[in-house]
Structures are given as structure tokens and as C-alpha cells.
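Feature annotations, reproduced from Swiss-Prot:
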ACT_SITE  LYS99  active site, proton donor/acceptor
BINDING   GLU22, TYR54, ILE73, GLU74  substrate binding site
Amino acid sequence: MADRMELRGLIVRGRHGVYEVERANGQDFIVDVILWIDLADAAANDNLADTYDYVVLAERTAAIIAGPPRNLIETVGSEIADFVMDDERVHAVEVVVHKPQAPIPQQFSDVAVVVRRSRRGGRGSMIPASGV
């Protein structure tokens with residue numbers, strides 16, 4: 001079982017959504033990224049080059065959220081997961097994109113999608129929701 005690195009609660013303004021008002025006004029998205037990676041070398045060597053740089057993770061994730069508008073947060077989550085999986089040291093990733101200001105007329109606390117990718121079956125392959 002691999003170690004885990006987590007980036008939780010990254011808040012970035014974006015213009016994603018199907019409705020014109022979402023794209024015109026924008027809204028805050030909250031993103032959680034969990035990646036499974038062997039951190040033994042990083043721990044032993046105390047060297048940033050031996051781990052996944054979480055500053056880069058936050059910056060690239062924020063750039064995707066703030067970047068070109070997408071209709072679906074499923075697409076946004078997939079783009080984040082795919083760039084994380086570009087690093088061959090990563091065994092798997094889970095990306096949660098929260099859209100707490102979604103245009104839903106009923107009162108709600110959150111709406112989110114969870115995108116998971118794993119090396120099982122090849123780069124960027126989807127894995128079942130039951131676990132990594």
C-alpha cells in the first residue's frame with residue numbers, strides 16, 4: 001500500500017457550468033486532491049526531488065479551476081487527475097471538485113464529483129468507487 005499526500009480545501013474562482021449565469025458571474029470551487037505515492041525515499045533523503053511537490057500540485061490545480069470554462073465539473077476533475085497521473089511515481093489519485101454555489105433552487109450544503117484514476121489497467125484508467 002502506498003503512502004498518501006492530501007491537498008484539501010483549495011478554493012479557486014472559476015467559470016464552469018452549463019448555465020450562462022455561471023460562466024458570466026463565476027463562483028468559488030473547492031478542490032480536494034489525494035494522491036497515493038511511495039514517500040519512503042523522500043522521508044529517507046529529506047529531499048523535495050523525491051516527492052510530489054504540493055506547491056506545484058496546488059498551482060496546477062488552481063490554474064485548471066481558473067482556466068477555460070468547462071460545462072461539467074466532471075471534466076474539471078478529470079483534467080486535474082490526468083495531470084497528476086502524468087507523474088509516474090503516482091499510483092492513484094482521487095480528485096473531489098465541490099461546487100457549493102451550484103444553481104440548485106433547493107437548499108443544500110454541497111454538490112461534488114469524485115474522479116479517481118489508477119495505474120491499474122494503464123495510465124489514467126478509471127477505478128471503481130469502492131476504493132483504490
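Easy rule for this one: first residue shown is 1, then count along the chain.
Using the three backbone atoms N, Cα and C, a Cβ is placed for every residue, glycine included.
Annotated features, which come from Swiss-Prot, shown on the structure.
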residue : record                 : Cβ contacts under 8 Å, 6 or more apart
GLU22   : substrate binding site : ARG15, HIS16, PRO103
TYR54   : substrate binding site : MET5, LEU7
ILE73   : substrate binding site : HIS16, PHE29, VAL97, LYS99, ALA112, VAL113
GLU74   : substrate binding site : VAL113, VAL115
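Within 10 Å of the C-beta of LYS99 (active site, proton donor/acceptor) there are 21 other C-beta atoms, taking all protein chains into account.
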